[in-house]
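Below: the structure, in structure tokens.
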Amino acid sequence: EEDMYRDAEEIEREKLLLYETSSSEGKLSVAPEMDILEYCRREWRGNTPVAKRMRKGYEAVAQKFASIRRIRGDNYCALRATLFQALSQATQLPSWLQSEDFTMLPENLLSKYDWMKQWQLKHTLSRQMGEISDEIKEYLILLREKWKNISEIKSPTEKQEACDRLFRNEEEEYSLYEALKFLMLNTAIELYNDGKDGRRVPVFSWLLFARDTSGNPCQLMRNHLNHIGHSGGLEQVEMFLLAYALQYTIQVYRLYKYSTGEFITHYPNDPEEGWPVVTLITEDDRHYNIPVRMCQETTL
């Protein structure tokens, strides 16, 4: 798989880890959990300044979480890590997923914006406008169905098993990422229109549309969202967009920022009250893994 973010050595390390942990299960999107300090010792054995900083960072994370699960290293990893964490701790269906208009979003947007015919679905060529609408609608329905089913499971063990099964099903898994990307575009359109109309928007929205490559939602779609999972992953400002689309706070341990004020970063940094929190780990702001088995309450 093409990966524009990590070097060959890191990709080979991941392939070895995934093979060793589950050679019999084929492709795994989320590897089995591993003791977080053991994982750190395995990955960062040297005495370079970078290795020492990474070890310190992992030691700090280990004060809160006992284990880590490695996320498959393609360009969907930010979406994969965030969605897996959200589903694995879901206890109810979010209000935005309950809306009667939710599954009508593709039809409504495609009727307003002709440029959305350039939306790219998975690895396929462009389809006709009506076909795009129908297919995205299927993805949104699947997202609501899976979120509802998993949130209704009471046993933590059974909930994790259900998430593991879902993220072993490539067809369903990648369909969910298409749903997330579409929700990000919908959120971007809302923010862009609010900004044009003089309504208050979060700071990241100004940054999102200040880029030369995403001056409006059409450019954002063509130059960024269409490429997520194929030739690129999520940039920092798009992590904010994902958080707003899901109405979740994404808390990230940024290990290379250890001992700075940016070691723990929140997307957004001023979340709405009541938004649930998911926690990720990154060594470089490009690839994301997930910490599991919380040792104590994590607070913002």
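Cβ from N, Cα, C; glycine included.
The active site annotation in TrEMBL covers Asp74 (among others). Its own atom aside, the Cβ of Asp74 (active site) has 18 Cβ atoms within 10 angstroms in the protein chains shown.
The active site, nucleophile annotation in TrEMBL covers Cys77.
Around His287 (active site), taking its Cβ as the centre, 24 other Cβ atoms fall within 10 Å, counting all chains. Among the features that TrEMBL reports, active site is placed at His287 (among others).
Annotated site 'Linear diubiquitin binding' per TrEMBL: Glu262, in sequence order. Summarising the environment of Glu262 (site 'Linear diubiquitin binding'), the number of other Cβ atoms within 10 Å of its Cβ, over all protein chains shown, is 12.
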Would you kindly give the Cα-Cα distance separating Cys77 (active site, nucleophile) and Glu262 (site 'Linear diubiquitin binding'), rounded to the nearest Å?
21
How far is it from Asp74 (active site) to His287 (active site), counting Cα to Cα, in Å?
8
Reported as an integer number of Å, what is the Cα distance between His287 (active site) and Cys77 (active site, nucleophile)?
6
